[in-house]
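Visitor: First the structure, which I've put down as structure tokens, then a few questions once you've had a look.
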Amino acid sequence: MIASIVSLFFIFKLESIEMHGLSKQPLILFFSGLIILVLGVFDDIKGVSPWGKFMVQALAASIIWVCGIRFDFLLSHLESGTTTDIISFFMTLLWMLSFTNAMNLIDGLDGLATGISSISFLSLGIISYNSQILSFMCVALAGATLGFLRFNFNPAKIFLGDTGSLFLGYMLGGISLVGAMKTATISSIMIPIILMGLPAIDTGLSIIRRVLKNTSIFQGDKEHIHHKLLEMGFSHRRVVIILYSFSVLFSFLALYLTFDSGKQFGLVVLVFSVVSYLAFSKLGYKEYLKLLKYRIVGNGDENIPLEVKYFDLTSKLNVAKKPEDIWETASKLINMIGFERSSLHFLDPERKKIIKVFSWAQDLNKIEALMTRYQKIVMKKTLGEKGSIVSYQLSQGKPEILFIRSKDEMNGIICNEILKDIAAEQFVSVPIIGKNGALGYIVADKYFSSNPIKQEEVAMLASLAAQIAAIVECNQLSIDLNSIVSDVRKRSQLVESQKNILY
């Protein structure tokens, strides 16, 4: 950042010899950008609330609007007045805040935002060849970010932080706005948007996700494009290089549109849209379109199909790194499916019996009372000896789904006391099957309401079990799980009350 500031200072010093109309605007833009720079410093050191950052960014954008850097070139056909000024102000605000925060949002991996900024500034410098000062500004910022990238690329020695990402995004938005003011055409607006294609798409998707999920647009998540690529198994460096490639592609489209004088505007937009849609589909964002469809057509969340809601949570399982993370999301999914009580079991290291690792219920107090009684009944039972449903399944030697529709089916198989007072009228036990056999089981029922279990609910639970198996093996969590099981075993030997198995 220091290098870019020093470079820009000398540019403005040289340009001051022949200060003409347009050159004042880049100077205004630069000094308003210092406000964003100071904001970033405070945010990195002490932290600034989302609304606090929004207000400071709005202040900087308001300053350039007052000084004549405005998004009003599409309003020329309207009569000048208060209405057009208001529209111009809010459009300028939207433009600057979008660019500023887009770069900040994509700064999630070492070197990602820095490299994309370098590509964007270099391309913008070529696009602004008719304006010497704008072109010099872009080249100076491109050089500064390239120099910084050497130390910011994975594994990073220094980090961009909000100081760098907010400032770079603000300058990209401002320079593109000043450049677009010279030619009041649709293509002049689309060029910087296409140039910033990757951050623009990522920001747009982030806003759509959070609105559809009824969460604050300022609330962070792990569903950005770079997170999706990491989930697909790409390494940190490979993800960054892939996204660099897309940024270069978008830059070429912007350059082509510039030097073609907008003649192939439709073709460029089509290519941009196709590439965006393909990425959108491959990264698993298509379900958000379904969610949007039902939100628009329906009368609220109650009209959204279960499988569409289910998608949102299942996507979070893919980033689970610990067994605790798996169960945190899995329990929410099981609740969403419609079950009221559930337990996630994993086989012990010898794969001979199951020890409860995690459990959940809608009424925790009630389930604790039941579990205390249950423990006294089943802990002395051996495998297959009228104990729990899980023990029975293990004794059969075949990891298959067991859907019990009536307690009568389990007479003589499950302990009578469990069958009479603890087991629900209907329950299901679904195996978690890995490459080498069963890893564990998910047992679920509707104990509190006694509502019947639907076939589609069993199917969704089986799908969840398959996903958990894939995550456990893909992330090599078996060692951690065995560690947990061993730990539970040791503690259960020391504390009798900690001996617990859920049917």
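Each Cβ is built from the backbone N, Cα and C atoms, and glycine gets one as well.
So TrEMBL has the following annotated:
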{"type": "TRANSMEM", "residues": "26-42", "note": "transmembrane segment"}
{"type": "TRANSMEM", "residues": "54-74", "note": "transmembrane segment"}
{"type": "TRANSMEM", "residues": "86-102", "note": "transmembrane segment"}
{"type": "BINDING", "residues": "Asn104, Asp162", "note": "Mg(2+) binding site"}
{"type": "TRANSMEM", "residues": "158-180", "note": "transmembrane segment"}
{"type": "TRANSMEM", "residues": "186-208", "note": "transmembrane segment"}
{"type": "TRANSMEM", "residues": "239-259", "note": "transmembrane segment"}
{"type": "TRANSMEM", "residues": "265-285", "note": "transmembrane segment"}
Visitor: If we count other C-beta atoms within 10 Å, could you say which of the binding-site residues Asn104, Asp162 has the fewest?
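Guide: Each of the binding-site residues Asn104, Asp162 was scored; lowest Cβ tally within 10 Å is Asp162.
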Visitor: With Cβ distances under 8 Å as the criterion, find the stretch in 86-102, 158-180, 186-208, 239-259, 265-285 that has the most pairs with the transmembrane segment (26-42).
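Guide: Looking only at 86-102, 158-180, 186-208, 239-259, 265-285, the most contacts with the transmembrane segment (26-42) come from 158-180.
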Visitor: Looking only at residues six or more beyond either end of the transmembrane segment (86-102), which have a C-beta under 8 A from one in the stretch?
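Guide: Beyond its ends, the transmembrane segment (86-102) has Cβ neighbours at 36, 54, 57-58, 60-62, 64-65, 69-72, 75, 166, 169-170, 172-174, 176-177, 192, 196, 199-200, 202-203.
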Visitor: How about long-range neighbours of the transmembrane segment (54-74): same chain, 6 or more residues beyond its ends, C-beta under 8 Å?
Guide: 25, 28-29, 32-33, 35-36, 39, 48, 84, 87-89, 91-97, 100-101, 166, 170, 174, 177-178, 180-181, 184, 188-189
Visitor: With CB pairs under 8 Å as the measure, which of the listed stretches 158-180, 186-208, 265-285 comes out on top against the transmembrane segment (239-259)?
Guide: 186-208
